[in-house]
Amino acid sequence: MPTAKILAKHVREAAKIWDRDPGFRGFRNGTTYEVRIGRKSYPPKAIASYANELAGNGILSPRDFAGAWEGKWHKQLENAGFRPEKKPDRTASMTSKRAELPMELAGLDEGAEFAEGAQHYAQHITQERNPKVVKLAKAQRWRDKKVFECDVCKFDFAKTYGERGAGYIEAHHTIPVHLMKPDHKTKIADIALVCSNCHRMLHTMRPLVDIPKLIAMRARAAKS
Ligand SMILES: [Zn+2]
Ligand SMILES: [Zn+2]
């Protein structure tokens, strides 16, 4: 857990990193909070992650930001002079974009949380099949990117398989089961979207790896 204080300069530097590489380490723009830095808004968790690293607190990945700790990251940013705010209600702008969503994904309310218990691996899988949170994660991705690319390797089923692959992507729950409380609420931000190969790699290799590590492994393998 973080110890050194994060400062305004760390936060500003973190924002620059995000500008250069949005989505680094698997962080995504969340649905609930944003933090204003300069003229732009940023995802607080991603900024907190990098700011902590710059402050000397080591590397924090999306899974370190599981639910209950949210208040802590917000406080850190606030102490550095940047206060995370609830995102404005975007229901109105969602409506006009619904027409662009694949049919079965439209008409979902975003930002919802789902009470789910998880004690063992089977439950991890079950969570990934929670149709509602998975649909919401996909709907959000489609709205933001208009493409379903693997978070690890960028594989796009639609590109490779055409019509048949359109809309296909698998959901991976990024919070390790052993770090979950029984009443853990799965958020959309906990769901990564991955291709079947990468998903298998995330699940079958021991020790288990997270998405940033798998991305690094692919990069290393590609070079060798
Ligand atoms: Zn992949
Ligand atoms: Zn998975």
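Note that Cβ sites are derived from N, Cα and C of the backbone, with glycine treated the same way.
From a predicted model like this one, the values you see are computed outputs, not experimental measurements.
According to TrEMBL, the features are:
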COMPBIAS  77-90  compositional bias 'Basic and acidic residues'
DOMAIN    9-83  domain 'ScoMcrA-like N-terminal head'
DOMAIN    150-203  domain 'HNH'
REGION    77-96  region 'Disordered'
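Taken as a whole, the domain 'ScoMcrA-like N-terminal head' (9-83) shows an average pLDDT of 78 in this prediction.
Each residue of the domain 'ScoMcrA-like N-terminal head' (9-83) gets a DSSP state, and the totals for helix, strand and coil are 43 helix, 8 strand, 24 coil.
With DSSP states grouped into helix (H, G, I), strand (E, B) and coil, the domain 'HNH' (150-203) comes out at 23 helix, 11 strand, 20 coil.
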